[in-house]
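Feature annotations, reproduced from Swiss-Prot:
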DISULFID  6-16  disulfide bond
DISULFID  6-12  disulfide bond
DISULFID  7-16  disulfide bond
DISULFID  7-12  disulfide bond
SITE      9  site 'Important for binding to human alpha-7 nAChR'
SITE      10  site 'Important for binding to human alpha-7 nAChR'
SITE      11  site 'Important for binding to human alpha-7 nAChR'
SITE      13  site 'Important for binding to human alpha-7 nAChR'
SITE      14  site 'Important for binding to human alpha-7 nAChR'
MOD_RES   16  cysteine amide
């Protein structure tokens, strides 16, 4: 589960894709 704004964070954006 990814929180909103995680996609903007390079440390978490990889989980957004």
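Including glycine, each Cβ sits where the backbone N, Cα and C put it.
Following the DSSP three-state reduction, the secondary structure of residue 13 (site 'Important for binding to human alpha-7 nAChR') is helix.
Counting only the Cα atoms, the space from residue 10 (site 'Important for binding to human alpha-7 nAChR') to residue 16 (disulfide bond) is about 10 angstrom. Here the Cα atom of residue 12 (disulfide bond) is found 5 Å from that of residue 6 (disulfide bond). In this structure, of the recorded positions 7, 11, 12, 14, the smallest number of CB atoms within 10 A of the CB marks 11.
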